[in-house]
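S.K.: Sharing a structure below in structure tokens format, with a few things to ask.
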Amino acid sequence: MIGVLGAGAWGTALAQVAAADGREVRLWARELEVVASINEAHENHLFLPGVPLAPSIRASDDLAWVAEADPLLVVTPSQHMRSVLSGLDARQRQLILCCKGIEAGTMQLMHEVAHETCPSATIAVLSGPTFAHEVAKGLPTAITLACADAGIGRKLAALIARPAFRPYLATDVVGAEIGGAVKNVLAIACGVVEGRGLGQNARASMISRGFAEMTRFGLARGAHAETLAGLSGLGDLVLTCSSTSSRNFSLGVGLGQGRAAADLLADRRTVAEGAFTAPVLRAAAAAAGVDMPIAQAVCALLEGEATAEQMIDALLARPLRAEW
Ligand SMILES: NC(=O)c1ccc[n+]([C@@H]2O[C@H](COP(=O)([O-])OP(=O)(O)OC[C@H]3O[C@@H](n4cnc5c(N)ncnc54)[C@H](O)[C@@H]3O)[C@@H](O)[C@H]2O)c1
Ligand SMILES: O=P(O)(O)OC[C@H](O)CO
């Protein structure tokens, strides 16, 4: 039996993947309306409308009941993962972390937060170019499954692999997490390019120079270059920087059109992780002595320290330098 903690779009899509072979899946939802919607209508009206869900997915707001399952896919927003995992009992279990971010305050990656809250758990990370609505419809998707213990990684990959859902193995947990967290911030920058109508050349440049930043930061934190160039890094960067299906890219489009971050973020029920990661990333990059001008510029824009026009002008005015 597989458990899923978090019934947003991605948790629901992953529950659907896990249930594709008729397996029982327990899904923890925070909202009672989501529990009712999934159990009664076999649909998540709030976070993944229009996708019929397998009847073997059963939802509950009872964390302990869902946590009887093993492994547990952890699919909360990054900033709430600690509080949700803190509610688990101390038994030994396998956690597959699926959220993409860095914790504010501690500057910890998700596996570091999970190690603190669930010291006896085995930890893996699942991350890659995966829009939830496509995965839920069964469209072909490849993803990185990273686990420091390659043997456990292989077993988990076999458990969640489906004909159209293909995990690739890695042991570099840090690299898989940094790719997923940093790409969200860079997607906001690409959205700004779109929102200001700056063209495809500018967007491709933003992706390439953003990837250089992701690589510099990742290497400084111990990630492997190959992981950053893989599905969870470059792959997800390209996806998220190219489509209004991305919440982060769409947030950037709004910012590029001159709207204020506070207005764009107010009252939204879905999560644009890049808005929370940007300030932590700026601080973490400074602490690691890594130059991340695009991430810094996104942060300045979100915090109202610069307009979108000033952000782009400042990036274009940087001194000429070697590409690598
Ligand atoms: N949506 C995608 O396509 C996708 C794909 C891959 C990874 N992710 C990642 O998955 C994670 C979850 O995103 P999502 O898209 O499933 O969510 P979502 O935006 O669809 O829904 C928001 C989620 O946040 C939860 N939430 C709100 N306040 C909370 C709190 N105080 N404590 C715990 N949970 C709270 C809600 O219950 C809901 O599950 C994020 O880190 C995201 O980056 C999303
Ligand atoms: O909608 P976004 O920007 O959170 O992106 C969703 C996924 O992370 C894409 O892989």
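Each residue's number is its place along the chain shown, starting with 1.
Here the Cβ of each residue, glycine as well, is placed from N, Cα and C on the backbone.
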S.K.: Write down the one residue from A59, A69, A132 that TrEMBL lists together with W10, R30, K100, R247, V271, E273 as binding NADPH.
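M.R.: Answer, per TrEMBL (NADPH site with W10, R30, K100, R247, V271, E273), from A59, A69, A132: A132.
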S.K.: For the domain 'Glycerol-3-phosphate dehydrogenase NAD-dependent C-terminal' (172-312), report the average pLDDT of the model, please.
M.R.: 97
S.K.: Ten-angstrom check, please: count other Cβ atoms within 10 Å of the Cβ of G8 (NAD(+) binding site), all chains counted.
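M.R.: There are 23 of them.
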S.K.: Do me a favour and check the Cα-Cα span between G11 (NAD(+) binding site) and R30 (NADPH binding site); whole Å is fine.
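M.R.: Each residue's Cα considered, G11 (NAD(+) binding site) and R30 (NADPH binding site) end up 12 Å apart.
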S.K.: Across all the protein chains here, work out how many other Cβ atoms are within 10 Å of the Cβ of G128 (sn-glycerol 3-phosphate binding site).
M.R.: 22
S.K.: Can you tell me how far the Cα of A9 (NAD(+) binding site) sits from the Cα of V271 (NADPH binding site), in Å?
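M.R.: About 10 Å separate the Cα atoms of these two residues.
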